[in-house]
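This report refers to the structure that appears directly beneath it.
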Amino acid sequence: MISLAGRDILHAWGKFVFTGIGLGLLIGVTLTMAGVYRGMVDDGRALLDNSGADIWVVQQGTLGPYAEPSSLNDSTWRSLRALPGVQDAANVTYLTMQVQRLAGNGSAADAAGTARAASDVRAMVVGIAPGGSGTPGWPPYLVAGRQLTRSHYEAVADIASGLALGERIQIRRNVYTVVGLTRRMVSSGGDPMVFIPLKDAQAAQFLRDNDALWQSRHRTAANPAFNRPGVPGLLDAVIASQSSNPSVNAVLVRVRPGHDAEEVAASIQRWQRLTATTRAQMEDILVGKLIATSAKQIGMFLAILALVSAAIVAFIIYTLTLGKIREIAVLKLIGTKNRTIAGMIVQQALGLGLIGFVVGKISATLMAPAFPKYVLLVPEDTAMGLAAILAICVLASGVAIRAALRVDPAEAVGG
Amino acid sequence: MSRLPLQRRTLALLAVVLPLLALFIYVVLRSGPLAPVAVTVATAEQRSITPALFGIGTVEARTTYHVGPTVSGRVLRLSVEVGDRVTAGQVLGEMDAVDFDERLRAQAAAVQRAQAALKDAQARQQQAQTQATRYAELLAVRATSEEIATARQQDLASANAALAGSQAEVARLRAEQEALRTQRGQLRLRAPADALVTARLAEPGSTVVPGQAVVDLVDPNSLWVNVRFDQTSAAGLAAGLPAQVLLRSDVGAPLAARVLRVEPLADAVTEETLAKVVLASLPTPLPPLGTLAEVTIHLPELAAAPTIPNAALRRVDGKMGVWELGADGLRFAPLVLGQADLDGQVQVHSGLAEGARIVVYSEKELTARSNTHVVDRIVKGAP
């Protein structure tokens, strides 16, 4: 028995294939949208994975360095490091800011102050404690260059920032040289990370700008309590104490193998009077709270796109069927069974769906790297997408089948 | 219906659908979990490295003089400006003498009075001496009573004591006069050594207390860089090592220097080790004190040993090591590491066979089951 659907498709294959490709682009957008959602969740997880920590210790009563601002004394890590069950503890600071790229790398030009910012990069600047690769907070792997070796003025940047090896960037008042590149080191918002030594990051985050320092010095000098005649040195001491801020955002704690992170966290909470968040709780905060609204937004888009796809498939199949209504009438006239005709339409719908899926998958995969935010295409999503498309196609062909079955065979000879 | 158009159509359809399918299969295999992870490999090479330490510091002066008055008073005038070079003994300024001259005159009058009193005491002593001698002779011939002679002796002793008191009083007043003169001289602020004026802290008319500086001087030949090294990277720091200083004001010209001393006290708060680095020759113009400087210290070259780039290091299950790429796939090799240089080369003490192929860069974090695919470079344009 010849395939009616195949014959019909061959008859108008151009129309069919191009409709399928059109549909495929729509499906591609749907898959990409799902990928954007997965990417957001993955950004959050990547942030946690990359920090290499089991417990995040932050200021008491705050939700951690990613969700809320937190400020700790930078000597806190010592008391944490001495706790049983703690293998490693390292300070870390996070600051999302605009990083200036300096045009050229002529150092003399920088010194002369003629360097202009070629462009800005929005990035999360991470201050990592000295100690070499493997220390909590350090990027776990590189794709080019090397890890930081100097304790100042070097940076490892995520490749998404567009920075290249050897490029010079300005963070607040200091110029840094990019010595290494990483991949998928992003903040929960998807901003690329730039790793710099902790002391520089502390200065960038907590040291005020020159104007503020000047004003604060003058204010202090004008205060008779701090500027007493007959007490030489008091003013200098007060000013010095005002212009230092030994704070960090969090301490990353790695738990010794064989110890329970929950227990260590509970002990830190109880005895150090700090908030300690375990990996599971952190994921809950990041995925559950930080990106909840965005996730709903994308879910909404997904639902609308699915509806639109269904409507388009239904409409196309219906139009294709109406286009060959005379042929169907002839088929009926020669006594073709309804089931065969319905089968033909369903097969065509499924074929359309398959072409659409293939094109969609290809376009989604090819488009994904071009998106500014990370798009993660999960195979389960693709499989679910295929099932959904096929289901939608079958459902959408219902209208066309109904129209085809209601054709009066007499039309074949009438018209 | 002829067969040819149908065939042509089938061919055309296949021409569209087959590439599409091929592309699809390629896409499925090249993305997602099935895709191999691109990695670059290197072999551990036997080589010697020159470790270096990197720290930042500020230009400071070893010797700083705070020149100020020894008594409270008002600044009368200052003859030097910030930036002036001064020589030892040069007068920098003067304090207001206020009542010093009057006090000196009063002191001179007091000395004259004491001298007059001294003359009076001398006269009295001579008189007492004469009397005492006379009565002693009279007593010898029994021409007077012993009582009177003893009284004259006592008068002489008193006159002697009064004379000594007057002499001491004169000496005291002279000394006080000297002290006042010296203080009068100290009102001139003099440079204690050849130096450079760095600050004028009080202006004429302002009142200063002892211990408060009026002019700050530094010895420009005693410039050094106070460098701070992170304690984790300060191993091997020692006096005498050659160093390179890059001043923030002139990053184009590195200056030769050497480590003068490593401070016995480290900064416990900032977790830094401090060292002093002196420049081989002073640049002209002198860098302002407090200028930020980057200091690189070169340690002696190490003996050749297997060396790997630090980008290859990973931490797996709490151990530092590298991913070794063998014939049967990836294997994690825990390493014992030695010293590293600033270019990111790390020497390996043990854990790695020579010539082993190790993963340097990877597109993703690796696991023992990762499917890898070796490429030249992961980032386009990177060396």
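Glycine too: its Cβ is placed from the backbone N, Cα and C atoms.
Features of the protein shown, as given by TrEMBL:
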- A:21-270: domain 'MacB-like periplasmic core' (DOMAIN)
- A:300-409: domain 'ABC3 transporter permease C-terminal' (DOMAIN)
- A:12-37: transmembrane segment (TRANSMEM)
- A:298-320: transmembrane segment (TRANSMEM)
- A:341-363: transmembrane segment (TRANSMEM)
- A:383-405: transmembrane segment (TRANSMEM)
The domain 'ABC3 transporter permease C-terminal' (A:300-409), counted residue by residue under DSSP: helix, strand, coil: 94 helix, 0 strand, 16 coil
Distant-in-sequence neighbours of the transmembrane segment (A:341-363), which means Cβ under 8 A and at least six residues beyond its ends: 3-5, 8-9, 16-17, 19-21, 23-28, 30-31, 313, 316-317, 320-321, 328, 331-332, 382, 385-386, 389-390, 392-394, 396-397, 400-401, 404-405
Remote residues contacting the transmembrane segment (A:12-37) - C-beta distance under 8 A, at least 6 residues beyond either end: 295, 298-299, 301-302, 305-306, 308-309, 312-313, 316, 320, 348, 351-364, 367-368, 371, 373, 375-378, 381-382, 385, 389
Average model confidence [pLDDT] within the domain 'MacB-like periplasmic core' (A:21-270): 83
